[in-house]
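Asker: I have a structure I would like to understand better, so I am pasting it below and will then ask my questions one at a time.
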Amino acid sequence: MNLTEDYMVFEDVAIHFSQEEWGILNDVQRHLHSDVMLENFALLSSVGCWHGAKDEEAPSKQCVSVGVSQVTTLKPALSTQKAQPCETCSSLLKDILHLAEHDGTHPKRTAKLYLHQKEHLREKLTRSDEGRPSFVNDSVHLAKRNLTCMQGGKDFTGDSDLQQQALHSGWKPHRDTHGVEAFQSGQNNYSCTQCGKDFCHQHTLFEHQKIHTEERPYECSECGKLFRYNSDLIKHQRNHTGERPYKCSECGKAFSLKYNVVQHQKIHTGERPYECSECGKAFLRKSHLLQHQRIHTRPRPYVCSECGKAFLTQAHLVGHQKIHTGERPYGCNECGKYFMYSSALIRHQKVHTGERPFYCCECGKFFMDSCTLIIHQRVHTGEKPYECNECGKFFRYRSTLIRHQKVHTGEKPYECSECGKFFMDTSTLIIHQRVHTGEKPYECNKCGKFFRYCFTLNRHQRVHSGERPYECSECGKFFVDSCTLKSHQRVHTGERPFECSICGKSFRCRSTLDTHQRIHTGERPYECSECGKFFRHNSNHIRHRRNHFGERSFECTECGRVFSQNSHLIRHQKVHTRERTYKCSKCGKFFMDSSTLISHERVHTGEKPYECSECGKVFRYNSSLIKHRRIHTGERPYQCSECGRVFNQNSHLIQHQKVHTR
C-alpha cells in the first residue's frame, strides 16, 4: 500500500461542532470532547498517519481544544503546553501534541501496542510502588512488525483491527454519564464522598455531586423551573416553544425528544423488545413490562367477599365493593347526579363547565383530561398496545381488552335486577338499566333532544352539522359513524357474521340478529301507551303511535305527498329520481333499497323464513304472513267509510270502494 496516497489525516477523525451546537454543550461534554480529540490525534500520530506540515497549525490551535471553528475560549483549560518527555528516546517535547506527533516517527510503535502501553501507563499512575512496564524489542532503531509485551506476553501487529484489542489488565469500553464511549481503565480515580461512587474524570464527579447538593444552576426564563443540566433545560424549553425537531420517517409525526420518536417508530416496525421472563409476553415499552410483571410478583391480599376478586390494595377493594352495594357517595351540585368515584365526578363536572383544556395537534379536537387525549391519539398513530394472550388480537384500549377476554371465558358476572339478564361488565349493565328506568342523560345543545347513549348523541349531532366523515371505498357513499360504514361495506363483501343459533340464518348487523331472534322468542318489548298494543320493533311502535295522533310530518317536495316516517319519504323520492342502486347478482335487476333487494333474492333462493305459528305455513315476506294470520284471528282492520263494511286486506277495501264511485 502506498502510504503517501492512502494515509489518514486528522480531519478524518476530528469531531466538529457548529457555533450553535457548541453553545448547547455543558462543561462536562466540552471537556469530554477535548479528551476524545486528543486521544484520536495521539493514536493517528502513533501509527504514522499524521503528517504535519511546517506551515500547518497544530490541532490544538485548530479544533482540539474547543471543537468549534474560530472559538478558542477553552484552550487554556486543556493544559497542553506542558513539556513532555518521549518514553522511547527520552527527547523532551514542547507539549503533548508535539509528543504525539514525535511518537509517529518511531515506526515500530503500532496502534495496538500504543493502546496496550497506555494501559500499563495508567496502572503505573495508581500503583506507585511498581516498576515501569517494558516491551521486548522496544528500541527506536528496530522496526519489527511483531512486538511482544513483557508484562502480558502478547504479540501485536500493525494490520489487525483496533476494536478487537483485549487488554489483560482490565481495560474495557466504558460509557460515561453522557453516553460517549471511550477506553477507560478498570480503576476509577475520583470517588464521591457522599455515596462512594467512582468516576474516571474529575468533571464527571463534579456533575454527579450536584445530585447530593441539589444544585440546579440552569433556569427556564419562561416558567422559572430549575434544572441540573443545560441539556435538560433545552429539552424543557421545547414545551414552551412547541419545537418538535425529531420527525418519524414513516408517518411524518414530529416529537420534541429523540427518545419519543425512537419509541414511536417501534409501532411501525412491530418491535417489542421488552419480554416478560415469566410468561414470555413482549411489550413496546419498559414501563408496560414493569406494570405487567406486577401480575406475577405482587400479592393480592384483599379479596372481595361477594365475587372473590382479589386486589393489590385495600383502597382498590373498597372502590370495587361499591359495584355490589350500589353506593354512589359523590354528588354533582349542578344536576344532582351521583358517582362511585370522585374522579368520575370531577370528569362529569366538566360537562357543565364545557372545559376541554387538552388539545390534539393532529385533528384539532379538545378533550376534558390528558388520559382521554392520550387514548385518542392512538387513533392517529394506530397504536394498539393491549394484546389478548388467548388469540393474539391487539386492542387500542385496556377496557376493550378486558371486555374481549370475557368472550374466551364466557364470564358474565353482572346481573340486571329488573329482568335477570347477565352482562360482561358494569358499564354495559348500567347502560342496559336505562331501558327500564327510561333515563336519557345526554342532551343535544342544538335542539334539546335527550338520548340514552353518548354515541347516539354524537351521531345525532351530525344531523345538525351535516357531517358524514366515514366514506365507503367501494361506492363513495358517506356515513355518520364507523359502525354504519362497516355494516354497509358488508353489502359489497357479502359478509354476514351474525348467525341465529335457532334457525341458522345469518345477518350483517348484530342489531338485526337481536331483532330477528324476537320472532323465535315471541318477545314484543315496545308497548303503545294509548291502546296497549305490543310491538317487536321500536320503529313499528313509533309508526303506530303516529296513527293515534295523525302525525305526518315528512312531505315530498315533488308531489306534496306526506309520510309519517322520513325513511318512507326517502324511499318514495326514489320514484321521482328513478334511483336504483342495488343490483341482484342473479338476474341483474336493480332495486331502490337493500331491503327490497333482500326480499327479491328469496325468489331465487326459494327461502321462506316467515312461518305461521297456527298452521305452520311459511311465507317469503313478513307482510304475507301478517295478512295470512288475519284468517286465524278474524281481524279486519280496513273499514269502508261509505257503508261500514270491513276487510282483512287494504287491497280488498280499495276494490270494494269502486262500487260506491260507479
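Glycine residues also receive a Cβ, built from the backbone N, Cα and C atoms like all the rest.
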Asker: Choose the correct range: of 89-111, 158-180, 526-548, which one does Swiss-Prot annotate as zinc finger? Give that range.
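Answerer: When 89-111, 158-180, 526-548 are checked in Swiss-Prot, zinc finger belongs to 526-548.
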Asker: Could you tell me which of the ranges 53-75, 122-144, 582-604 is annotated in Swiss-Prot as zinc finger?
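Answerer: Result: 582-604 is the stretch Swiss-Prot calls zinc finger.
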Asker: Thinking of Cβ pairs under 8 Å, which stretch from 274-296, 470-492, 554-576, 610-632, 638-660 has the most of them with the zinc finger (246-268)?
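Answerer: Comparing 274-296, 470-492, 554-576, 610-632, 638-660 against the zinc finger (246-268), the winner is 274-296.
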Asker: Quick one: mean pLDDT on the zinc finger (554-576)?
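Answerer: Looking only at the zinc finger (554-576), pLDDT averages out to 79.
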Asker: Residue counts in helix (H, G, I), strand (E, B) and coil for the zinc finger (358-380), per DSSP?
Answerer: 11 helix, 4 strand, 8 coil
Asker: Can you name the far-off residues of the same chain, 6+ from the ends of the zinc finger (218-240), with a Cβ under 8 Å from a Cβ of it?
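Answerer: Sequence-distant neighbours of the zinc finger (218-240): 24-26, 207, 210-211, 256-257.
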Asker: Determine which residues of the chain contact the zinc finger (302-324) at the Cβ level, with the cut-off under 8 Å and only residues 6 or more beyond its ends counted.
Answerer: 294, 340-341, 413-414, 426
